[in-house]
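A.B. asks: One structure is given below, represented as structure tokens, and several questions about it will come after.
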Amino acid sequence: RCADGAALRWCISGTLCASFLGLGMSIAVLGPTLPTLAANVGKNVSDLYYIFVGRSLGSLGGSVVGGVLLDCMNATLLLAFSMLGTAAGLYAIPWSKESLLLTILMSVIGGSMGILDTGGNVLALYTWGAEAGPHLQALHFSFAAGAFLAPIVAQMDLGSSESQELAGAEKKNQSVLKSVPTASAALTTPAPNDHRSESFLWSYIFIGTYILLVSIFFFVLYSKSSSTRDKSKASAQKDRLAKYHWPLVGLLFVFFLFYVGAEVTYGSYVYTYAMVFAEMKESEAATLNSVFWGTFAVCRGAAIFGAAFLSPATMIVISLLCSAASSTALAFFAHYRAALWVGTAVYGASMATIFPSGIAWIEQYTVVEGKTASLFVVGAALGEMCIPVAVGYLQGRYHHVPVVMYAAFVTSIVTVLLFPAMYKLATWPQQRESQGVSDKETRKTLLSNSRLTEDEEEEEHVREWKDADFEIVEMNDKVTNSLTDTSRGIPGDSPAEVSLQPHLDDALGDHPDGSPARQNGIVDWEKSE
């Protein structure tokens, strides 16, 4: 049974990694296929910004709904249905010919992804408990790997002629964007030929089929372990919540908001910074952007093994220190090319492990359930939405200020200050309680020792009394036997009997005042003592 349980846990972990791989591909496939989707609905690429808004809002809603449902139903079953929703949306998107339908489908996919993001982290915690650190790192590494594979999948069915047609369509699309076309002009934009549309359709079909297979695995796991979640949740409920559970969750919500916002902001704007402020060529700026995401993905893979030897708190501290050092170099020394390249690489590496390590860290101090995990995902989604928009707005207002670098520095300082506060809030009540328990145990030990000493003294007095009592009784028995023998040798009431009678009364009888002679003997013995 133990072997079967271990095999089942590894199957759950592997299926979760496969689902996060599909999650990364589902999100990243939109980029290279955006021109074709715009042509399918008769819009320009710049007019499809609302599909990103729809997907983000769907992700927020899915995170909240998923957090509630995780506390009401089996986690594997919920993830199976969310994967089915994602697969259905991916199958339908390439066939969408209306922008409103495309936005609705994107929202549905976003909601399914929000449920998966929340439920995947919670199910990993349910499955592995205190050993969840490496498995959480593996989940998020799988997401990065899926984002890396998505462009390759999107281009795998395109031949050289289709690639040339794509380049020509993109150039024409860019010229249309510069001329700010009217709606009628947008409608007359040439769409890709049917063969190319089918190529991109197959990329969506491929990813959707992969996710459909993963959902089937979740259904199989549900049939094998329908009671796993309930037992795990019951055991988790036995654990005491942290004294400041919700303030701690709120601080980690803000922590993830700034961390994820900084990650997405730098990854989105470093290319523009390299072009405008560092005056790099397009290829060099693209390489700098790839360095950031490359080190990010590599360190997430390395963290799978590092989490087996380092505690989550240690990994967070190392990441925050590296983030603060690299963001300082980027904010104040980025005009040096070496500082820009090294700072970007270190900054990407430092951002890789914070989110999964944060979830593994808080699980050590309080119970992480569906609602709690959904708040973390919502915080990350809000940071992804708000901070890049704020940086873009400020950069538009202040053209000569590298706002993205200062944003990286400020967010790093905020996270560096937040984590010690969270750590103190998580550990301080436990330290006080453990100290109180230790004091109580010390007092109990001292009290028991003192009671033991008193008991030993009382037992010693009792033994002395018993020994003395036995000696008195033995002496009285001897006197009685002696007087009896003497009285038998004298017939009648002789003077000797009369003379001996008072002595016998003193030894055996009662005195006229009713006090026993035996007691008098004991009292006399006490006085002699």
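Just so it is clear, glycine is given a Cβ too, placed from its N, Cα and C backbone atoms.
TrEMBL lists these features:
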type	residues	note
COMPBIAS	503-513	compositional bias 'Basic and acidic residues'
REGION	433-465	region 'Disordered'
REGION	481-529	region 'Disordered'
TRANSMEM	7-28	transmembrane segment
TRANSMEM	48-70	transmembrane segment
TRANSMEM	77-94	transmembrane segment
TRANSMEM	100-126	transmembrane segment
TRANSMEM	138-156	transmembrane segment
TRANSMEM	201-223	transmembrane segment
TRANSMEM	244-271	transmembrane segment
TRANSMEM	317-334	transmembrane segment
TRANSMEM	340-361	transmembrane segment
TRANSMEM	373-391	transmembrane segment
TRANSMEM	403-423	transmembrane segment
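Please go over these features one by one and say how buried each is and what sits next to it.
C.D. replies: Beyond its flanks by at least six residues, the transmembrane segment (48-70) meets 30, 34, 37-38, 41, 78, 82, 99, 102-104, 106-119, 122, 369-375, 377-378, 381-382, 384-385 of its own chain at Cβ-Cβ distances under 8 Å.
Packing against the transmembrane segment (244-271) from elsewhere in the chain are residues 285-286, 288-289, 292-293, 296, 344, 347, 351, 354-355, 358, 362, 365-367, 372, 375-376, 378-384, 386-388, 391-392, 395, 404, 407-408, 411-412, 414-415, 418-419, 421-422, 425-426, 429: each is 6 or more residues past its ends and has a CB under 8 Å from a CB in it.
Outside the transmembrane segment (317-334) by six or more residues, the chain places 277-278, 310, 340, 342-344, 346-347, 349-354, 357, 402, 405-406, 408-409, 411-413, 415-416, 419 with a CB less than 8 A from a CB of the stretch.
Here the transmembrane segment (340-361) has long-range neighbours at 121, 125, 132-133, 136-137, 139-140, 252, 255-256, 259-260, 262-263, 266, 270, 274, 278, 288, 291-300, 303, 306-307, 312-313, 315-316, 319-320, 322-323, 325-327, 329-330, 333-334, 368, 373, 376, 380, 408, 415, meaning same-chain residues at least 6 beyond its ends whose C-beta is under 8 angstroms from one of its own.
Residues 56, 59-60, 63-64, 66-68, 70, 114, 117-119, 121-122, 125, 249, 252-262, 264-265, 268-269, 355, 358-359, 403-404, 407, 411 of the same chain, all 6+ positions outside the transmembrane segment (373-391), place their C-beta atoms under 8 angstroms from a C-beta of that stretch.
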A.B. asks: Could you tell me what the rest of the chain brings near the transmembrane segment (100-126), counting residues at least six beyond its ends with Cβ under 8 Å?
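C.D. replies: Distal contacts: 12-13, 16, 19-20, 23, 26-27, 37, 41, 48, 50-52, 54-67, 69-70, 75-76, 78-79, 82-83, 85-86, 88-90, 92-93, 132, 135-136, 139, 228-229, 232-233, 236, 356, 359, 363, 368-370, 373-374, 376-377, 381.
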A.B. asks: Please indicate, using numbers and ranges, the residues of the same chain that are 6 or more beyond the transmembrane segment (138-156) and have a C-beta under 8 Å from a C-beta there.
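C.D. replies: Cβ under 8 Å, 6 or more out: 13, 16-18, 20-29, 31-33, 120-121, 124, 163, 200, 203, 206-207, 293, 296-297, 300-301, 303-304, 355-356.
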